[in-house]
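Before any comments, here is the structure.
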Amino acid sequence: MASKTPVGFIGLGNMGNPMAKNLMKHGYPLVIYDVFPDACKEFQDAGEQVVASPADVADKADRIITMLPTSMNAIEVYSGANGILKKVKKGSLLIDSSTIDPAVSKELSKEVEKVGAVFMDAPVSGGVGAARSGNLTFMVGGVEEEFAAAKELLACMGSNVVYCGAVGTGQAAKICNNMLLAISMIGTAEAMNLGIRLGLDPKLLAKILNMSSGRCWSSDTYNPVPGVMDGVPSANNYQGGFGTTLMAKDLGLAQDSATSTKSPILLGSQAHQIYRMMCAKGYSKKDFSSVFQYLREEETF
């Protein structure tokens with residue numbers, strides 16, 4: 001019966017919404033909170049419990065998953081005036097699946113430890129499609145003895161749950177992954193744009209890339225060129241998916257981490273500037289694969 005005790009879920013955005021639904025499918029009753037009440041409506045209609053603050057979630061559930069946009073949101077949800085730490089029970093398991101600064105994860109972990117609860121960082125990779133299908137990859141940092149308890153929940157939402165080490169290592173793995181993703185998406189967009197301008201059919205070029213050494217996730221699963229693939233944001237005017245603002249944020253985290261560790265990230269820094277420029281030019285709400293459209297518009301330079 002333990003597995004059927006309520007699970008708290010805070011943050012029902014593009015990723016949190018389908019993640020929470022997968023927990024429901026596995027029979028977990030939910031205690032829900034989102035800063036936007038409308039995001040909770042379909043869960044309330046399905047009979048799940050909606051509460052007024054993160055503290056109220058902690059009051060009703062001793063296992064809580066948070067899925068938030070930024071480090072500041074995470075600090076507010078855990079440590080704010082109505083935060084989780086105001087009412088958290090001793091022995092509670094708090095799993096943060098947001099992508100935030102590893103240093104913030106470590107700081108939150110210390111605060112959680114002081115009140116006798118357990119904090120783990122478990123950011124995800126795979127995007128909205130994998131969130132819907134329950135095939136996310138979770139990168140988990142925290143006390144190893146608690147990993148099995150976290151995995152029980154995370155395996156309902158992901159097909160890969162990987163233990164990375166101490167708190168903050170999950171975030172480190174996620175930041176490295178997203179930096180590579182940003183670089184490969186820009187590279188795919190540049191290659192596709194060049195090929196199209198040289199007279200190649202985009203579908204044919206994508207097919208060739210995907211059977212050749214240039215193949216990557218950005219080319220074979222999430223192609224940025226409209227009309228090449230169905231079911232991806234480029235087929236829907238770059239709506240949905242993983243927003244340009246969020247990619248710029250993650251690249252900023254990579255930049256900060258590179259500075260603190262004295263690591264050269266030449267292409268990572270360039271990718272950061274490109275995505276920041278896109279945000280300034282009206283692409284902030286579009287999927288990050290819209291870098292292809294941005295390059296097309298900027299081709300006069």
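Backbone N, Cα and C define each Cβ position, glycine as well.
Here is what TrEMBL records for this protein:
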- Lys174: active site (ACT_SITE)
- 5-33, 68-69, Asn73, Thr99, Lys249: NAD(+) binding site (BINDING)
- 7-165: domain '6-phosphogluconate dehydrogenase NADP-binding' (DOMAIN)
- 168-294: domain '3-hydroxyisobutyrate dehydrogenase-like NAD-binding' (DOMAIN)
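Ranked by Cβ neighbours within 10 A across all protein chains shown, the binding-site residues Ile10, Met15, Ala20, Leu30 are led by Ile10. Fewest other C-beta atoms within 10 angstroms, among the recorded positions Lys25, Lys174, are seen around Lys25. A gap of 26 Å separates the Cα atoms of Lys25 (NAD(+) binding site) and Lys174 (active site). Sequence-distant neighbours of Pro69 (NAD(+) binding site) (same chain, six or more apart, CB under 8 Å from its CB) are Gly11, Gly13, Ser98, Leu246, Lys249, listed in sequence order.
Of all Cβ atoms in the protein chains displayed, 11 besides its own lie within 10 Å of the Cβ of Thr5 (NAD(+) binding site). For the domain '3-hydroxyisobutyrate dehydrogenase-like NAD-binding' (168-294), the DSSP-based tally of helix, strand and coil residues reads 89 helix, 2 strand, 36 coil. Averaged across the domain '6-phosphogluconate dehydrogenase NADP-binding' (7-165), pLDDT in this predicted model comes to 96.
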